[in-house]
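Before any comments, here is the structure.
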């Protein structure tokens, strides 16, 4: 009888380790996809703002994004205060990308692709932000992001006009995110 219990417990332990590994690999890939897609959308945002002569900086909008992210963080079991640096880093990287596109277009040809409305693009950005918070929360249930996770994310995080400093800031802020107690 004891032997059967020992075998059962060993099997359970192996299954939980396998499950945790699969959650980790799936969540890292999904997180990376959402991060890259979010940054790719900045080209659309920059094009719209250029066409309509809008500033890149929008303090009121940023405050709304923080409030929405903190609420979504709470809903997903994350410490809302720990998510603030991550959201800030995403916004800073996003604005940097927009400025870089504007500089390119002002010295060369303007965008020649169909420009999405800002409301449609912002809706998709919000969906991606919420998706990232869900993924991060699920990932943190099985443990913190490891050094290897961060190395992998850094190697794969590669949207146009995103530089190494932007990537470092986003990943450093990601490592600060915690689950709520």
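Every residue number used here counts from 1 along the chain in the order it is shown.
Cβ from N, Cα, C; glycine included.
Annotation source Swiss-Prot lists substrate binding site at 38, 49, 58, 62, 98, citing similarity to another entry. If you take the C-beta of residue 62 (substrate binding site) and look for same-chain residues 6 or more apart in sequence within under 8 angstroms, you find 91. According to DSSP, residue 62 (substrate binding site) is assigned to a helical segment.
Among the features that Swiss-Prot reports, domain 'Chorismate mutase' is placed at 21-102.
The signal peptide annotation in Swiss-Prot covers 1-20.
Among the residues 38, 49, 58, 62, 98 said to bind substrate, no two Cα atoms are farther apart than 18 Å.
Of the binding-site residues 49, 58, 98, 98 has the largest number of other Cβ atoms within 10 Å of its own Cβ. Counted within 10 Å of its Cβ, the other Cβ atoms near residue 38 (substrate binding site) come to 22, all protein chains included.
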